[in-house]
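J.: In case it's useful when we look at the structure, here is the feature table from TrEMBL:
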TRANSMEM  12-34  transmembrane segment
TRANSMEM  92-114  transmembrane segment
TRANSMEM  154-172  transmembrane segment
TRANSMEM  184-212  transmembrane segment
TRANSMEM  224-246  transmembrane segment
TRANSMEM  282-303  transmembrane segment
TRANSMEM  315-336  transmembrane segment
TRANSMEM  342-362  transmembrane segment
TRANSMEM  374-393  transmembrane segment
Amino acid sequence: MTSQKGHGRLRTASLYFVFAFGLTTAISTAFAVWQHFSPVPYWDSWDDTIGFYLRAQHDPWGAFFAQHNEHRLTVSRLIFYADMWYFHGRNVFSLIANWILAGILALAFIRVAVYRCATLTRAERAGVAGAALVFTYSWIQNENFTWAFDSQWFAVYLFALLAFHSIDRASVSAARDRYVDTRLWLLTGAASASVAAFSMASGVLVFPVLLVQAIYLRLKWRDIGAIAAIAAVVVFAFFVGWHAPASSGDLRTGLREHPLDALRFVLLYLGAPAWHARRGMLGAYVCGSIALVALIVFCVEALRRRRTPPRALSLLMFAGFVTSNAVVTAGGRLWFGLESALASRYTTASLGAWFALLAYGLLSDAPTRRRRAVFATGVVALVMVFGAQRFAFNADRNVTYARLVAGLALRAHVYDPDITGVVYPFHDALIETAKQAEAARISIFAADQPDYLEPPRQVVAQRLCTGAIDQIAKTGTAGIFRATGSIYDVDDRETPGAVVITDAAGHTLGTGVVGAERDDIRKIYGRRARYSGWTAFFSAPPGGAIVAIGQTGPQTWCRLEDSRDVATTVPQ
């Protein structure tokens, strides 16, 4: 008896530890998002956040439903528009929205997992909640947390899960002869599937899976027909004016001509979290194979016991939906190479599928031996995913700095590809969008933006800083130069927040950003001087010499002792 009590206490404590792991994952991911924050639009954000917002001023309907690659990002564009309208496009609202959507997805997983499981204890519910938080907030999917553009990845899987759960609830209501509840749940399911379709292109696949689920649950043919009719309308609306993007391969050709490579792609897609957890390609193949085999086994068993549908069937449908996404993605992206299946943004899907399969296996009425095997697999997966959370604290400040420099260059009308290419590789499109954004005074060009210094016309420094102007070079824009160097306030033991370039009389010529890694300065002055490198863009001074001045406070400045003559430094 004493042994049983001790075992029970250990089990309860373990479940609460899992809950603590979940909270730790959510909080550490929020911290990592803050560490990686950049106000500069990145990649598709130029075209489909700034560009979309500008188009929406003249054609809102067309802008919200316009095609982006193969997608119609209507749901995400609601977030983008709010970010641009209320926050001038600093990415703050969009990044917070990504984190909140992940939390709502976790809550949905928890609700679905414990639905119709009234016998679960408080500790068991806490364990389920903790596991859901670990998988949905895992830093493995860091691209979707740090890229303000990526809310669609959370939205499509959230609404897919809600759609499958709604059909489950409709089946229960129908069995209890609750006509009104059945209609409401069917409507909720169809609405959720519709929203999923306009979250990402893969959301269109929710309706076929939903119909399979409805048929399996033996809903009335009238209800199944209604779902099919709504699906037809939504799919028709989605594909009106749609065209296959040049960046995607032909789906049928990829699957037909390269079936083995397509299978390998699917396995890597499903097992990608293991690769990001530093388990290598073999680990990804093994985990992907386990997930695929588990899905097949669970589906076969569900078909055999159709008279008594399993608990949390929506979790099985969710895993099936993710796998169908993997197959379709393989057809369209296979020509990018098998390694493209390991992209961080795809792991929101595979992590969700892992949790869904594990929760389904544990909550099912399978034999004890099977449930123990699922539990052991779940423990290994949980430890692996939670262990990868340590990478959330490895902020790559060089990437953030490079993007900040690119934004500064655009503000200075410098469009050199070697500088701006880090935020968008399509040079001509970037120039056009940046000029439009500047004219509209939005994003990094907003009048009240806090990310780039708006210096006074003349700056007078009160004291000296240590450092140097290391290099001055021409840019592709006539009359604009680029300077780099280091600056550190030895007296206050801090790095200035920004740099102003002036002439010898203190008249402002341009500004710079600070944050480049300078290990040589760190070795002299300590860790606080590690990121004391700076880059500035400035107009040619009338007298030839420039001075670099650092901002140490709202109205306080320090200057580098030595000035540099532009005419003698830059080759003519």
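In case you wondered, yes, glycine gets a Cβ from its N, Cα and C as well.
Map the listed features onto the structure and describe their local environment.
T.: Counting residues 6+ beyond its ends, the transmembrane segment (92-114) has Cβ neighbours under 8 Å at 22, 26, 29-30, 33, 37, 39, 49, 79-80, 82-83, 86, 120, 125, 128-129, 132-133, 135-137, 144-146, 148-151, 154-155, 157-158, 161-162, 164-165, 168, 312, 314-315, 352, 355-356, 359, 363 in the same chain.
Same-chain neighbours of the transmembrane segment (184-212): 65, 69-76, 152-153, 155-156, 159-160, 162-164, 166-167, 169-170, 173, 219, 223-224, 226-228, 230-231, 234-235, 238, 317, 320-321, 324-325, 328-329, counting only residues six or more beyond its ends whose CB sits under 8 Å from a CB of the stretch.
Outside the transmembrane segment (224-246) by six or more residues, the chain places 67, 69-70, 72, 186, 189-190, 193-194, 197-198, 201, 204, 207-208, 210-211, 214-215 with a CB less than 8 A from a CB of the stretch.
For the transmembrane segment (315-336), the list of distant contacts is 70, 112-113, 157, 160-161, 164, 202, 205-206, 208-210, 212-213, 248-255, 258, 261-262, 265-266, 269-270, 291-292, 295, 298-299, 302, 346, 349-350, 352-353, 356-357, 359-360, 363: same-chain residues at least six beyond its ends, Cβ to Cβ under 8 Å.
Nonlocal intrachain contacts for the transmembrane segment (342-362), taken as residues 6+ away from its ends with a CB within less than 8 angstroms of a stretch CB, comprise 105, 109, 113, 128, 131-132, 135-136, 138, 140-144, 147, 150, 153-154, 157, 161, 268-273, 275-276, 284, 287-288, 291, 294-295, 298, 310, 312, 315-316, 318-319, 322-323, 325-326, 329, 370-371, 374-375, 377-378, 381, 385.
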J.: Using a Cβ-Cβ cut-off of under 8 Å, list the residues of the same chain that are 6+ residues beyond the ends of the transmembrane segment (154-172) and lie near it.
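T.: Answer is 75-76, 98, 101-102, 104-105, 108-109, 111-112, 115-116, 144, 181-182, 185-186, 188-190, 192-193, 195-196, 199-200, 202-203, 206, 209-210, 213-214, 217-219, 223, 309, 312-315, 317-318, 321-322, 348-349, 352.
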J.: Six or more residues beyond either end and a Cβ under 8 Å away: which residues meet both conditions relative to the transmembrane segment (12-34)?
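T.: Same-chain residues near the transmembrane segment (12-34) but 6 or more away: 95, 98-99, 102-103, 106, 121, 123-124, 126-127, 129-134, 137-139, 142, 145-146, 382, 386, 389, 392-393, 395.
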